[in-house]
Each structure stands twice: as C-alpha cells, then as structure tokens.
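Visitor: Please see the structure below; I have some questions.
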Amino acid sequence: MDEASLTVNNELEAEMVVSWLSDHCYQCVYQPLGVVPAGPGPGIPSSVDFTVGTQHGITLQLNSSSLVSLEHCTVHFHFWEHGNYSLWVKNLNDSSVVNCSMVTDTETVNSYLPIMVAFLLFTGLAILSAIGGTVMGLDVVKNLMFRLGNSMETERLITSELGFPGRTVETATDTILPTPATPSRRLRSLDTFRGLSLVIMVFVNYGGGRYWFFRHESWNGLTVADLVFPWFVFIMGTSISLSVSSALRCGLSRFSLFTKAVWRSVQLFLIGLLIINPNYCQGPLSWDSLRIPGVLQRLAFSYLVVASLDLCVAWNSLDNLPVDAWWYSAREFLLYWPAWLCVIVLETVWLCLTFLLPVPDCPSGYLGPGGIGDMGQYPNCTGGAAGYVDRWLLGENHIYQTPSSRVIYKSHMPFDPEGVLGSINSVLMAFLGLQAGKILLHYKDQHSSIMARFLIWSLVLGIISATLTKCSLNEGFIPINKNLWSLSYVTTLACFALLLLVLIYYTVDVRRWWSGAPFYYPGMNSILVYVGHEVLEEYFPFRWRMANNQSHAEHLTQNLLATSCWVLISFLLYRKNIFWKI
C-alpha cells in the first residue's frame, strides 16, 4: 500500500548510487535508495529493483560511486500505487552525455476510487434521508399515518429523532458545566458542530482508510486529521460560555461552579492518563513508560483555565446593560477585557519560551522537525523549545515516542504533539470559542448580528494567519504546525471554525433546513463516544482481520463501518435519553 516498484537499468560502465528526496520534505538532504552496479557490457544493462513511496512526488538523484562523486542526472516523478516503473540510464548516442528516462511498465491502481465510491454512497443516503424527512412532513402523509395507527405512536414516528427539521430539544444534556435545565431551546448547531468534529476524529483515529491526508501532517501544513481536535476545543469554549451564563442566571455561586470545573478537569485528566493512553492489550500498566500528555489531558487543562477565566468575568445577567454606553456596540468583547488580558499574557509567555529559551545544541527560536530537515544540521532539535521543555519537565519516557515527523523527516527524538507549550495555545483556541459563545449570548435570536460578527472575527483571524505565515507553507514567521500547536495554527483553525459554525448555525438553527442528524447525536454524547472508540478500538465490530491488509478499500470500509457504529450507538443512547456526563 502506497508503494510502487522501480527497476533501475544501468548501461553505463560505472557503478551508480541512487538517492531520493520527497517533495514533502522541506530543506532535506537526499536519502540513499541503493547502488546499481555497472553494466556488464556495451548495451547490456545491470538491473536492481527498489520500492518507492507513492504518497508524494519524489526526486531521484543518480551519482557515480567513485571517490569524486559525479551527478549523472536528476529525475522528478510522482509514482502511483502498485505501479511498475523502469528507469533507464544510458549514454546518449555513444557520447559522454547521460540520459535518464522513466518508463511505466504496468498500469497503476487508482487508490482514490474507494473514496469516490464512499462519498457517492453517503451522499445518496443523505439525499434519501432528506427526501424521506420532507415526505413525512407533508400534511397528506401525516393524516394517512394518523389513520393507520395510534395517534401518539404516529406522532412519535413523524417527529422522531431521525432528523425532522422542526424538532426542538430542551437544554439538558452534554453541557460543559452541569447546570439545571432551563426552558430555553438548546442550539442544535453547537452539538452538530461538536458531533461533526468528533465523527471525523473517530474516523481518522481508526485509520482513515490509510490515506495520507487522513493522517496528521509530518510537520508544517494541514491535513484533514489536523482540523478536528482544535475544532473540538473551540466548541468546548463556546459551551463553557453558555453553560456558565445559564448557571449564574439560575443562582448558582461562582465558587460551586469552580469546584465542579476543577473536579471535571481532574476526571478528564485521569481518564486520559489511565484509560486512553495505556495499551492494556500489550500488558499491564507500566509507570516507567506511561505517557503523561494526551488529548483528554489537554482538554482538561484548557477547560479548567478557560472556565476559571469566564467565572471571573461573566455577568450574572445581561438584560440590564446600558444601551447608550460607548462600549455597548462591542460589549461581547470589551466587557471581558480582564480575561483577554490574561490570555494575552499567556501568549506572551508562549512567544518568549518558544523564541528566546536557550535549547542545547539548537538555534534560538527553532521551529523545525530535526532529523534530516534543515539539511540535517539539527537532527536532535525536533520541536525546538517545545520538545526541550517536555523532555526536561516530563522525561523522555513519558512523552509520545513516535511523532509524525519521523515518517518523512526521519527524526528520532521523542516529541509530544499534546505537550506543555502547545497547551498554552489550546487555551487560546478554547477562549476564541468562548468569545463565540459571548456573541451568542449578547445577540440572542439576532441571527444576522450573530453571523456578521462570526464572519468579522473569522476575517480578523484569517488576516493574522496570513501575516504570521506570509501566505506560505514554510517561509512564514510562524508556520502552521499541528505538532507545535503554533499560534498561526490556532488562528487559522479558529478562522475555519467560525466559518463552519456560521454555515451550520444558518442551516440548522436559523433556516432549519437540516436537523443536524446524524452528527447531532454523537455531539450530545461526546465523552462517551470518544472514550468508547479509544477503549474498544481493537474489538469487533470496530476492527476485524482483513483479507488484504494492503488495500485502501478494505481499510476504508472497516474504518467507515466502525465510525458509523459509533454514530448508531449515540443515536440509540439519545433515543433512550442516556448521556454520560462528567
């Protein structure tokens, strides 16, 4: 899978060294692929077979193996999966000019065809569901259904949780802070957004069909897998704002809410540390190699900090604000300036540690992957200050041992993408989500004002991202980097999150064209789905022995079915009114 066969045919009278370099590897040194001996005679080639990757384009370099290395030729080519290729190296017209030509010997496999089939299948199901919901909403169908059966049962069927657009749900489930039920209608768009992020997260964690764009980026840049965790953090911040406001209106004290926030953070941290991180299928828990950071641990830290900030600045009531005050038009921002000041201080700490902290044998402010990156000058500097702080504070044995940078950049240093410094920027991500919640609170039921402010914030964050990155992948002041949770990564993903939230909010809560199904259901039971999919990952029906484990189609089928199982489980739990809250 993701490999092709390359036969190098050498007709030269000199031995050749074949090296390769991935297009995805920024400022990297060539890696040796192998040696091809000299041809046994004029016009008679010597041949050596190699295996090459097909995920990205590759540059092949052919040099002589003599003491004075002479570059014969350089060939850039994008190989395709399961293809057979031949590279012919010969002198051109009996001269000293070397000619290198690539020939495709057999037809390749279209590894993206299974994705197209899956997309068409799920699109068809969505269309059928929409048509069914529309038909069931017709008065003629309603009357017919009432005549065929018991009126109460028929009404339940018509307004079932399968996705009827007009259904409303009371505020009573997976809020970030446990609060009493209120008569106000819960925003389905928030649970839909959370559920969409969670479903994609489950899919990519299960393997994403083993496609490279459903895996985390090796270093700078974004893939689909890099989008969902920040979005989950973002919508957590939005929920914090709404739940804290609801609890204060109900008369709960700030201290009691703070103790609940602390207790929930502790539970999330312990679940991540003792249940998610260890692989008990490989043996009992080992304290010597237990990974301390993790997804739930970062959620716990971000949640505690942002909830604490909001409890310090949230207003008990928003009904009696002076309309004629100079700050009223920007009240969702200016009323909470102390919290913004704290976040700015945290970001200043991140910037100072990232760019000014001395790291042994590494340049100041290094943001690279180490390994063979940066022409191999800093092989032990993976992540710069972020990696150094984690190794110093937590120990090399207690952080992630196989970072994504090892695949392309050949880095060998442990590095944790959920490390200490990155947690500061996850607080910023949750706080930007909190700001979105403040907009929803201050402009309740003013749909145009809400969406306009979401778009304005998205534009501002997009401009910040463009400035930090210089609109480039690797050449910016602070590149977009999920491993580091860089500042530009947060502003870019928050920009995308606000745009997506506008779209979902408009279609689900404003126009009610869409009920949010099926993403709404896992969004209402997010903790259970996330913990469950991690704990039961290796068990049927989420995984089984495949007939061909080198097939994208089989991996994609397995991963989509496993993800669909969790959507179905969350739907059944929703029908039974079962929600796991911490």
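Every residue gets a Cβ built from N, Cα and C, even glycine.
Look at TrEMBL and you will find 186-307 tagged as domain 'Heparan-alpha-glucosaminide N-acetyltransferase catalytic'. Marked as transmembrane segment by TrEMBL: 112-138, 195-213, 228-249, 261-280, 300-321, 333-357, 420-441, 450-468, 488-507, 519-536, 556-574.
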Visitor: Do the transmembrane segment (228-249) and the transmembrane segment (261-280) come close, with at least three CB pairs under 8 A (pairs 6 or more apart in sequence)?
Guide: no
Visitor: Between the transmembrane segment (519-536) and the transmembrane segment (488-507), are there at least three Cβ pairs closer than 8 Å, leaving out pairs fewer than 6 positions apart?
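Guide: Judged by the Cβ rule, the two regions do not touch, with the required three close pairs absent.
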Visitor: Take the C-beta pairs under 8 A between the transmembrane segment (333-357) and each of 112-138, 300-321, 420-441. Which stretch has the highest count?
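Guide: The stretch with the most contacts is 420-441.
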Visitor: Apart from its near flanks, which chain residues at least 6 from the ends of the transmembrane segment (420-441) lie with a Cβ under 8 angstroms of it?
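Guide: For the transmembrane segment (420-441), the nonlocal Cβ contacts are 187, 230, 233-242, 245, 293, 298, 301-303, 305-306, 309-310, 318, 332-333, 336, 339, 343, 346-347, 349-350, 353-354, 385-386, 389-390, 393-394, 450, 453-454, 457, 461, 483-487, 489-490, 493-494, 497-498, 501.
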Visitor: According to DSSP, how is the domain 'Heparan-alpha-glucosaminide N-acetyltransferase catalytic' (186-307) divided among helix, strand and coil residues?
Guide: 88 helix, 1 strand, 33 coil
Visitor: Averaged over the domain 'Heparan-alpha-glucosaminide N-acetyltransferase catalytic' (186-307), what pLDDT does the predicted model reach?
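Guide: Here the mean pLDDT over the domain 'Heparan-alpha-glucosaminide N-acetyltransferase catalytic' (186-307) amounts to 93.
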